[in-house]
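What follows is a short report on a single structure.
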Amino acid sequence: MSTSEAAPAATVIPIDDVARHHGKASAVATAPPPAASSAAPPAAAPRKTGLPFFRRADRGSRCVALVDFVLRIAAFGPTLAAAIATATSDETLSVFTQFFQFRARFDDFPALLFFMVANAIAAGYLVLSLPFSAAVVLRPQAIGLRHLLLVCDLIMVGMLTAAAAAAAAIVDLAHSGNVRANWVPICMQFHGFCQRTSGSVVASFLAVLVLVFLVILAAFAIRRR
């Protein structure tokens, strides 16, 4: 045996194999994690219940609008009755013969004529205002319609109050007369005329009260909005 042993053979690694090995390792390190097999379902949107204009917050306004609609129907009856009763209040009184007669007609008194026309206008207005009032019931947030009805109601209140006050003065004069002016009461002879005109005045003042309540109700509803 020789004194010098042969050195072990060195392992030779090609450079391209080292580069390939490091490239695979970096690719494995930078690869994104696999996506989850089952993705979480998206959150469900909140479900809306009910129609948009039937909101719970509008219940109070809708109730006020419904009362307004009913009161307009209630006020229509007295105004129409007052206009018809006044227009048909003419009465003829035969004293001796049919050629010598006394007649009481409403159009002989300008105050009663104005009273009849004012009640007819108020009755027509109340009918025409019903669709607008119904629209407010369905859409309580319609402030423009409320303002329109409020202004028209105020006009009707002023006109109807003036007409009813003027007619009341004539009816009182027909019942009581005026001693200082030597005006005798005519209701002792013309019973039908006085009964109809008196009932018309009472009905008209009742309609005025309803209209005043409508104005207060509309002002309260507008203030709440």
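Quick reminder: no glycine exception, Cβ is built from N, Cα and C everywhere.
Noted in TrEMBL for the protein shown:
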DOMAIN    63-209  domain 'Casparian strip membrane protein'
TRANSMEM  63-89  transmembrane segment
TRANSMEM  109-136  transmembrane segment
TRANSMEM  148-171  transmembrane segment
TRANSMEM  201-222  transmembrane segment
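Ranked by the number of CB pairs under 8 Å to the transmembrane segment (109-136), the listed stretches 63-89, 148-171, 201-222 are led by 63-89.
Assigned with DSSP, the residues of the domain 'Casparian strip membrane protein' (63-209) fall into helix, strand and coil as follows: 110 helix, 10 strand, 27 coil.
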